[in-house]
Amino acid sequence: MATDLKNLSVFSTDELPDVSLRRFAILVSEWNTEVTEALFSGAYQTLLQHGAKAENIIRGNVPGSYELSLASQWFAQRNDIDAVIALGCVIQGETKHNDYINHAVAQGLTNVGLKTGKPVIFGVLTPNNQQQALDRAGGKHGNKGDEAAITAIKMLGLQQQVYSKF
Ligand SMILES: Nc1c(NC[C@H](O)[C@H](O)[C@H](O)CO)[nH]c(=O)[nH]c1=O
Ligand SMILES: CC(=O)[C@@H](O)COP(=O)(O)O
């Protein structure tokens, strides 16, 4: 199963960059808060464990995952933010509403990253049911919040490499 092939919740920390001076925004959807709070905790603690400072991490709450794109743009456009981590959980319902949200937020977050040139990390779970969500928010499949934090750190390292002088 694809899930078994790649799980960033297990990762090497050998080559992570120094992020002690980097500033992060973590945006959290208020839908499915049992899941999104677990994602936030994972992302926040992972940032701290890998050198980020608590005073350099700002949290913002959004009504739902669909609002993550605009909120991410607001934060990413700030000069005092280096990376944005967007966390949400969109559980499939009876209609196709989840599909529209998921596609909108995935494209929206991508657009913000491309527009601002800053890492905007897609930390939105798109499960079929609550159990699949819990499994990926600190359960048997790890914590996508941890993975989102590591991804942000890695992207800042790559950005530094790209823009540093040879
Ligand atoms: N059903 C879920 C939603 N729905 C709300 C939307 O995200 C949005 O806030 C609304 O359509 C108004 O613009 N959001 C989630 O994050 N998770 C869901 O399961
Ligand atoms: C995934 C959602 O948007 C949630 O409101 C459930 O949607 P549905 O109306 O398809 O059951």
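Count begins at 1; order follows the chain as displayed.
Keep in mind that glycine also has a Cβ here, set from the backbone N, Cα and C atoms.
A TrEMBL annotation is a machine prediction, not a hand-curated record.
Per TrEMBL, these features apply:
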ACT_SITE  His97  active site, proton donor
BINDING   Trp31, Ser65, Tyr66, Glu67, Cys89, Val90, Ile91, Phe122  5-amino-6-(D-ribitylamino)uracil binding site
BINDING   Glu94, Thr95, Arg136  (2S)-2-hydroxy-3-oxobutyl phosphate binding site
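Sequence features annotated in TrEMBL and their locations in the structure.
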residue	record	Cβ contacts under 8 Å, 6 or more apart
Trp31	5-amino-6-(D-ribitylamino)uracil binding site	Pro63, Gly64, Ser65, Gly88, Cys89, Val90
Tyr66	5-amino-6-(D-ribitylamino)uracil binding site	Ile101, Ala104, Val105
Glu67	5-amino-6-(D-ribitylamino)uracil binding site	Ser29
Ile91	5-amino-6-(D-ribitylamino)uracil binding site	Asn32, Asn98, Pro127, Asn128, Asn129, Gln130, Ala133
Glu94	(2S)-2-hydroxy-3-oxobutyl phosphate binding site	none
Thr95	(2S)-2-hydroxy-3-oxobutyl phosphate binding site	none
His97	active site, proton donor	none
Phe122	5-amino-6-(D-ribitylamino)uracil binding site	Ala86, Val105, Ala106, Leu109, Thr110, Ala148
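Set side by side, the binding-site residues Cys89, Val90 differ in how many other CB atoms lie within 10 angstroms of their CB, and the most is found at Cys89. DSSP assigns Phe122 (5-amino-6-(D-ribitylamino)uracil binding site) to a strand.
Over all protein chains present, the Cβ of Arg136 ((2S)-2-hydroxy-3-oxobutyl phosphate binding site) has 25 other Cβ atoms lying within 10 Å. Taking a Cβ cut-off of under 6 Å from any atom of ligand 2, the recorded positions Trp31, Glu67, Glu94, Thr95, His97 reduce to Glu94, Thr95, His97. His97 (active site, proton donor) carries a helical DSSP state (H, G or I). Taking every pair among Trp31, Ser65, Tyr66, Glu67, Cys89, Val90, Ile91, Phe122, the residues listed as contacting 5-amino-6-(D-ribitylamino)uracil, the largest Cα to Cα separation comes to 16 Å.
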